[in-house]
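To start, the structure under review is shown below, and the notes come after it.
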């Protein structure tokens with residue numbers, strides 16, 4: 001049921017975006033009424049206090065989901081394993097799980113789709129985040145423009161969660177994913193062109209630059225939902241959790257690598273290079289996915305017959 005799965009994934013992404021938007025909005029209200037240091041302390045206190053709850057919910061989720069992807073619903077619950085007595089055994093088991101996860105990840109039949117998602121995660125400059133916010137503050141952009149940029153990006157992302165199931169229904173899951181990547185790549189390329197051809201310190205160029213980035217969030221969120229569905233559909237149920245967790249780890253490494261490059265650059269004058277790298281990574285993701293689509297393997301035809 002690809003349409004139902006697309007709607008479920010879109011609903012989860014929508015809730016995630018709404019929570020992020022609400023959290024950022026509350027922090028902005030606090031920041032407008034209190035000293036920044038007070039807001040940072042309050043944020044740290046909230047994070048520390050919520051950590052036990054996160055551990056509890058994560059454990060509950062793991063217990064409730066245990067065995068769902070590995071066996072039929074009629075099967076009994078999986079037996080609980082007793083923890084090992086020695087730390088070395090736990091470390092060895094953890095290492096074996098990581099090695100097995102990498103092996104299964106590289107062997108999955110929909111690896112190009114997953115790698116395309118990882119390449120998209122290299123885009124940390126042309127996205128509403130800490131790097132872009134720092135650059136805009138360096139340019140002297142007003143707080144109202146910063147707020148409008150972040151808010152419009154969130155609204156477009158939420159809008160994408162409503163559009164994605166319709167795209168999957170009309171185009172099919174693979175063509176919808178290609179459309180999202182191509183749209184994001186084209187819009188980010190236009191943003192880089194605006195950045196290079198005219199100083200973004202001018203009001204018109206700045207609004208065009210930010211507008212292209214905001215519009216690109218539509219393609220970004222669409223492929224985030226579709227890429228997840230491709231991995232869910234293309235892998236055996238018993239391996240989906242392991243492969244999905246490994247993909248998240250690889251994507252996090254991609255973001256960390258780009259942030260390291262930003263730290264090494266260290267100067268706002270080098271932001272153009274970071275923007276070009278970000279746009280190039282998304283373009284590479286679009287090319288990889290479209291090439292995979294244009295030369296389908298037997299596994300791809302079997303998994304996605306439409």
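Using N, Cα and C of the backbone, Cβ positions are placed for all residues, glycine too.
TrEMBL has this to say about the protein:
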- 40-61: transmembrane segment (TRANSMEM)
- 115-139: transmembrane segment (TRANSMEM)
- 145-168: transmembrane segment (TRANSMEM)
- 180-200: transmembrane segment (TRANSMEM)
- 206-230: transmembrane segment (TRANSMEM)
- 242-263: transmembrane segment (TRANSMEM)
- 269-294: transmembrane segment (TRANSMEM)
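Ranked by Cβ pairs under 8 Å to the transmembrane segment (269-294), the stretches 40-61, 115-139, 180-200, 206-230, 242-263 are led by 115-139. Tallying C-beta pairs under 8 angstroms between the transmembrane segment (145-168) and each of 115-139, 206-230, 242-263 places 206-230 first. Within its own chain, the transmembrane segment (115-139) is flanked in space by residues 145-146, 149-150, 153-154, 181, 184, 188, 191-192, 200-201, 206, 213, 216-217, 220, 223-224, 227, 247, 250-252, 254-255, 257-259, 262, 268, 271, 274-275, 277-279, 281-282, 284-286, 288-289, which lie at least six positions past its ends and keep a Cβ under 8 Å from the stretch. Here the transmembrane segment (180-200) has Cβ contacts under 8 Å with residues 116, 120, 123, 126, 139, 164, 167, 206, 208-209, 212-213, 215-216, 218-220, 222-223, 226, 272, 275-276, 278-279, 282-283, 285-286, 289-290 of the same chain, all six or more residues outside its ends.
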